[in-house]
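Beneath this line is the structure, given in structure tokens, with notes to follow.
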Amino acid sequence: SCEDTGGRSSRETLSENGTNGTVMPDTSRPLSVFGMHILAPVTAVCMLLFFLGVGGNMGTLLVFGHFQELRTTTNLYLSSMAFSDILIFTGLPLDLYRLWRFRPFPFGDFLCRFQFYLSELCTYATVLHITALSMERYLAICFPLHARRLVTKTRVQLVIATLWGVAGSTAGPVFFLFHVEGRECQPTEVGLRSGLLQAMTWVSTLYFFLPLACLCLLYGLICRKLGRTRPSPYSRIRHRHHRQTIKLLVVVVVTFALCWLPFHIGRILFSSAAWEQQTGGGNGEALFVASQNFNLAAMLLFYLSASINPVLYNLLSARYRQALRNLLQRCYSIRGSPNDQRSSLATSLPITDLHTSVRHTRPTCQNIEKASTLHTV
């Protein structure tokens with residue numbers, strides 16, 4: 001896909017031969033580019049990320065859904081992003097299959113198309129959620145009175161639905177860029193000849209760089225606002241929380257860039273290689289080899305970004321740890337009644353629910369970026 005040209009689609013299109021103007025499988029090539037010494041550890045890491053990501057994000061949805069105190073506007077975004085991360089992992093089994101055997105593709109034309117569309121959809125949705133959440137944090141810190149009036153659960157739910165709709169419509173062309181031909185799931189000849197594959201690759205790349213620039217700007221303004229604020233004795237604790245959040249933002253933004261930048265560079269390499277082979281250029285093979293090695297690392301970082309958030313919640317949010325512990329205790333009947341568990345969450349840690357989130361605000365970020373909201377969880 002356009003998203004997966006960095007992590008996926010290059011793997012099943014390695015055998016494309018565009019020198020004669022058609023996309024045909026080259027059966028003389030091995031079924032996998034990588035040897036067993038690479039495939040085995042990569043598969044083991046992917047399986048670990050799969051169980052960590054699906055289990056952790058399911059836990060996040062259960063925690064945020066179970067405890068009333070955690071149903072804040074911020075956590076509505078985080079819950080939707082956790083759902084997106086779970087959907088991303090539905091593509092991992094097929095990714096591993098193509099990593100071992102990029103042909104034949106026995107799952108049909110629809111699944112060939114849909115897997116790329118779904119992955120692109122979830123990627124766009126995650127980035128849009130990150131940007132919207134960061135804008136909310138900016139409003140909450142820099143314009144708290146306006147944020148208190150504008151930011152409500154109903155409006156946030158409407159925004160989330162809109163974000164998914166925009167992501168789905170933007171990713172729509174990807175569904176028509178791939179099909180099964182020659183027993184391989186690969187880009188369509190029309191997509192390559194028309195330049196639509198390259199166009200969607202750049203659209204997807206803009207989905208990364210523009211929000212990243214927006215995040216840097218927003219959090220720069222937040223830092224300036226907090227730096228100029230002279231806390232009164234009554235707001236000293238709140239101001240200290242803001243300062244702690246700012247320290248997290250540097251890590252959050254850098255981690256976001258590190259996990260996603262190789263992914264986008266890899267898909268640009270793939271798109272260039274596909275174009276070179278389709279037009280008869282002499283650099284297609286070299287670009288495919290380069291993109292393959294690059295995309296392997298990019299794929300791991302891509303799935304790492306979808307699995308690391310629950311780990312960050314546990315490491316950085318005492319409230320989340322307490323809520324998860326109480327939920328597990330309820331499931332296994334280790335202690336207390338449900339009412340006791342619910343009240344222990346409300347009393348064991350300072351309450352920073354919706355009202356605190358809107359009035360006093362702490363900047364938050366994204367996928368991996370979500371870490372910055374952890375003390376509001």
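Backbone N, Cα and C atoms are what each Cβ position is placed from, and that goes for glycine too.
Annotated features in TrEMBL:
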COMPBIAS  1-14  compositional bias 'Basic and acidic residues'
REGION    1-24  region 'Disordered'
TRANSMEM  38-64  transmembrane segment
DOMAIN    56-313  domain 'G-protein coupled receptors family 1 profile'
TRANSMEM  76-94  transmembrane segment
TRANSMEM  114-135  transmembrane segment
TRANSMEM  156-179  transmembrane segment
TRANSMEM  199-223  transmembrane segment
TRANSMEM  244-263  transmembrane segment
TRANSMEM  296-316  transmembrane segment
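Contact between the transmembrane segment (38-64) and the transmembrane segment (199-223) is absent: fewer than three CB pairs lie under 8 Å, with pairs separated by 6 or more positions in sequence. Count of Cβ pairs under 8 Å against the transmembrane segment (199-223): among 76-94, 114-135, 156-179, 296-316, the largest is for 114-135.
The stretch from 76-94, 114-135, 296-316 with the most CB pairs below 8 A to the transmembrane segment (156-179) is 114-135. The list of residues near the transmembrane segment (76-94) in space but at least 6 beyond its ends in sequence, with Cβ under 8 angstroms from a Cβ of it, reads 4, 8, 46, 49-50, 53-54, 57-58, 60-61, 64-65, 107, 111, 115, 118-119, 121-123, 125-126, 129-130, 132-133, 136, 153, 156-157, 160, 163-164, 302-303, 306-307, 309-310, 364, 366-367, 370, 373, 377.
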